[in-house]
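As structure tokens, the structure follows; a few thoughts come after it.
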Amino acid sequence: MELRSYQWEVIMPALEGKNIIIWLPTGAGKTRAAAYVAKRHLETVDGAKVVVLVNRVHLVTQHGEEFRRMLDGRWTVTTLSGDMGPRAGFGHLARCHDLLICTAELLQMALTSPEEEEHVELTVFSLIVVDECHHTHKDTVYNVIMSQYLELKLQRAQPLPQVLGLTASPGTGGASKLDGAINHVLQLCANLDTWCIMSPQNCCPQLQEHSQQPCKQYNLCHRRSQDPFGDLLKKLMDQIHDHLEMPELSRKFGTQMYEQQVVKLSEAAALAGLQEQRVYALHLRRYNDALLIHDTVRAVDALAALQDFYHREHVTKTQILCAERRLLALFDDRKNELAHLATHGPENPKLEMLEKILQRQFSSSNSPRGIIFTRTRQSAHSLLLWLQQQQGLQTVDIRAQLLIGAGNSSQSTHMTQRDQQEVIQKFQDGTLNLLVATSVAEEGLDIPHCNVVVRYGLLTNEISMVQARGRARADQSVYAFVATEGSRELKRELINEALETLMEQAVAAVQKMDQAEYQAKIRDLQQAALTKRAAQAAQRENQRQQFPVEHVQLLCINCMVAVGHGSDLRKVEGTHHVNVNPNFSNYYNVSRDPVVINKVFKDWKPGGVISCRNCGEVWGLQMIYKSVKLPVLKVRSMLLETPQGRIQAKKWSRVPFSVPDFDFLQHCAENLSDLSLD
């Protein structure tokens with residue numbers, strides 16, 4: 001597989017063993033260039049071992065195909081992702097193969113694992129390829145791994161692996177001025193220990209020939225001239241505000257700012273023990289969510305979300321507060337009127353605009369293929385339903401499916417990793433010709449024949465814009481931006497265009513820096529980053545020692561009943577927090593049906609949902625770990641009563657006491673009744 005001249009130009013320092021970032025537009029062949037570097041590395045370096053890191057599960061398979069084609073069967077290659085189920089340990093596979101392609105999370109888990117079969121040292125590898133390397137910042141997994149690399153460098157550990165970063169969009173890091181953007185690019189280079197960012201200087205004409213950009217069009221529409229459904233939702237929210245008696249609370253309903261405000265109110269009310277105020281805030285957030293859905297898709301979708309919430313409240317809550325009874329009655333009294341307005345109100349102008357785009361694109365081109373990007377899984381589901389029901393699109397050959405995240409935050413809206421791979425394959429072979437996607441499909445997805453990309457009412461940064469645009473790779477393809485005139489989304493897209501230019505200027509400025517000045521700057525940034533990380537680690541350790549575990553009580557976030565102590569908690573696999581006190585089972589119920597996670601874990605499987613026996617609040621799920629049943633708790637389902645007052649932690653890693661690791665053998669010896677014989 002021969003490389004193009006611009007690919008040769010950007011990889012030359014990497015072939016000499018230098019750490020570089022390859023900066024090429026989407027679709028210009030970064031992966032192929034990296035595969036060639038890996039091949040030459042395996043040919044020329046004694047005992048070479050390569051790891052390719054990706055940040056999306058579906059890219060593991062895609063990159064596996066590209067690297068195998070390049071390596072032509074001469075070296076052993078394996079791919080690893082979280083959905084593989086039972087497998088040999090990561091460390092064992094690393095020792096037995098020449099090249100591994102895996103998600104960064106798996107490598108990070110292996111670096112910290114105490115098990116010999118699983119554990120691996122970073123220095124086992126002689127080359128690390130970091131795909132979509134612009135994610136190497138702050139506390140991302142990429143940056144956690146590279147921080148360990150920099151610590152080894154500071155200790156003068158030898159030999160260190162070579163690092164090859166790949167990106168189409170380094171970004172500006174939120175900077176709006178050139179100096180800030182340059183500092184962001186330099187920080188990215190420091191994080192990846194980069195000798196130079198490489199982009200074509202002498203072969204630009206050939207690059208332009210092979211990476212033509214789609215035609216961009218702004219498809220803008222007016223707001224609904226009348227909105228009786230939205231008006232009624234706001235009227236109901238006004239009534240809830242009247243009960244709250246908090247005149248200082250903003251009433252800018254249907255905005256992200258309002259959402260942030262009521263989230264803060266619910267958290268503050270929980271800490272203060274104001275149960276009714278917390279309930280009002282939680283319900284106001286659901287109404288606000290409905291307004292946001294209504295703005296994005298249809299009124300019937302917004303109503304369905306509200307109905308789903310109130311149905312769950314009816315089914316799960318076993319203790320009803322006066323405020324909850326009032327709120328349930330308020331919705332029940334007006335739900336028929338809402339249903340009538342939802343089905344008889346005006347169409348969303350953004351959907352009318354989207355219909356025109358799809359009719360034009362899918363009627364005029366041969367074998368069209370497109371992707372609609374939207375913000376949330378909820379809106380993706382709603383858009384797919386609209387596509388299937390819209391009369392005006394029934395005469396057009398549209399075969400659509402979802403492509404959304406594999407997370408498990410909502411059983412009704414997530415996709416499994418296997419589902420993702422199947423959908424991508426069907427899209428690539430033409431069985432499907434339209435994807436309704438969230439950001440999971442923005443990066444790396446290689447669909448050469450995709451000729452239309454629609455960004456539907458999105459408020460994102462310049463990296464997201466560049467990545468989504470890059471999915472349109474066919475000749476004469478179209479990139480359509482759908483938004484309301486004068487909206488925040490439109491203003492942000494225009495800012496993104498300016499930031500893309502700023503990013504290009506910043507990279508050019510870094511490339512032109514004197515090498516000695518550049519290297520000195522990189523060293524300073526690396527030292528500062530390691531010092532900051534060490535200080536943060538020390539601060540977290542101090543925080544974990546703030547209170548003795550036995551002096552911290554666990555309270556249900558909803559009914560405030562005390563259900564355990566910090567000393568009851570243990571960590572499984574370093575992340576899952578379980579309560580091992582046998583008496584804890586007196587405080588919760590377990591659903592009969594297990595939680596559905598279509599992903600096979602190495603040592604555990606999910607059991608049922610666990611919820612507060614007193615009030616019905618969902619706390620988490622039951623984990624069956626090596627045949628032992630353990631209740632896994634969500635940190636946001638618990639309040640912590642400390643000697644200095646109540647707190648609500650956003651992450652278990654931020655709680656003010658130390659949680660020891662789970663000891664399987666000790667637990668089995670002490671709690672034989674927990675064993676599952678299923």
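Glycine residues also receive a Cβ, built from the backbone N, Cα and C atoms like all the rest.
The domain 'Helicase ATP-binding' annotation in Swiss-Prot covers 11-188, and the record cites sequence analysis as its basis.
What Swiss-Prot records for Leu24, Pro25, Thr26, Gly27, Ala28, Gly29, Lys30, Thr31 is ATP binding site. Look at Gly27 (ATP binding site): DSSP puts it in coil. Sequence-distant neighbours of Gly27 (ATP binding site) (same chain, six or more apart, CB under 8 Å from its CB) are His210, Ser211, Asp446, Pro448, Gly470, Arg473, listed in sequence order.
Long-range contacts of the motif 'DECH box' (131-134) within the same chain: residues 21, 31, 34, 52-56, 59, 63, 142, 165-167, 169-171, 188, 192, 443-444, 463, each at least 6 residues beyond the stretch ends and with a Cβ under 8 Å from a Cβ of the stretch. What Swiss-Prot lists as motif 'DECH box' is 131-134.
What Swiss-Prot lists as domain 'Helicase C-terminal' is 350-514, and the listing cites sequence analysis.
Taken from Swiss-Prot, the feature coiled coil covers 489-546, and the record attributes it to sequence analysis.
What Swiss-Prot lists as Zn(2+) binding site is Cys556, Cys559, Cys612, Cys615. The number of other CB atoms found within 10 A of the CB of Cys556 (Zn(2+) binding site), across every protein chain shown, is 23.
Cβ neighbour count for Cys612 (Zn(2+) binding site) (all protein chains, 10 Å cutoff from its Cβ): 23. Cys556 (Zn(2+) binding site) is 52 Å away from Gly29 (ATP binding site) when you measure Cα to Cα.
Taking the mean position of the Cβ atoms of Cys556, Cys559, Cys612, Cys615 as the Zn(2+) site, the remaining same-chain residues with a Cβ inside 8 Å of that point are Gln319, Ile557, Asn558, Met560, Val561, Arg613, Asn614, Gly616, Glu617.
Sorting the motif 'DECH box' (131-134) by DSSP state (H, G, I as helix; E, B as strand; all else coil) yields 2 helix, 0 strand, 2 coil. Distance from the CA of Cys556 (Zn(2+) binding site) to the CA of Ala28 (ATP binding site) is 53 Å. For the ATP site, the Cβ centre of Leu24, Pro25, Thr26, Gly27, Ala28, Gly29, Lys30, Thr31 serves as reference, and the other residues of the chain with Cβ at most 8 Å from it are Ala168, Ser211, Gly470. Taking the Cα atom of each, Cys559 (Zn(2+) binding site) and Pro25 (ATP binding site) are about 53 angstrom apart.
Note on Cys615 (Zn(2+) binding site): other Cβ atoms within 10 Å of its Cβ, all shown chains, come to 20.
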